[in-house]
Amino acid sequence: MTSFVFVTGNANKLREVKAILAAGDSGIEVTSQSVDVPELQGTTQEIAIAKCKVAAEKLGTACVTEDTALCFEALNGLPGPYIKDFLANIGHEGLNTLLNGFPTTRATALCTFAYSPGPGEEPILFEGRTEGNIVPARGSKVFGWDPIFQPLEGGGRTYAEMDGEEKNKISHRYRALEKLRAYLSEQAK
């Protein structure tokens, strides 16, 4: 049995991670803990690694951190890893307004997980991407920017209009977690 602490205070993220990793009897046990880690600026990769190093030292055990980005093609990748701040300050409508006057609403949802086997160990990265478009908000507004991201393979629906199981089959988080699951399964052999 492989186990790690997923460093998050977000119940929705924890629920998604557990649901995705539970599929197929992976033998991976996930607990969670909120750890105060500095809010850094940089790429999703830099942020995930830095958070993971701090968390591993504080927890003294194997842990996983996540950084998520929503990258607008028209804005050369912005808001990127700062999506949480953009969303808090301008909301779903403001994010759509940013794209007014641009010829494209294409965006990439990017999820980067960093896994550390413990303190002093260099974190390993696992990334997942989903391509889509930014659209006016539709569906439940419970989970971040899900109402405005319409994945290309989503049948014309936003993440927020999909049930959890359906979203978890195509999401950026799912794709990154599948890579993490494969790595942990290989290490357990």
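Positions of Cβ are set from backbone N, Cα and C atoms, glycine also.
These numbers come from a predicted model, not from an experiment.
Secondary structure at LYS84 (ITP binding site), as computed by DSSP, is helix. Residues within less than 8 Å, Cβ to Cβ, of LYS84 (ITP binding site) and separated from it by at least 6 positions along the same chain comprise GLY144. The ITP binding site annotation in Swiss-Prot covers 8-13, LYS51, 67-68, LYS84, 143-146, LYS167, 172-173.
The number of other CB atoms found within 10 A of the CB of GLU39 (Mg(2+) binding site), across every protein chain shown, is 8. Annotated Mg(2+) binding site per Swiss-Prot: GLU39, in sequence order.
It is 8 Å from the Cα atom of LYS51 (ITP binding site) to that of GLU39 (Mg(2+) binding site).
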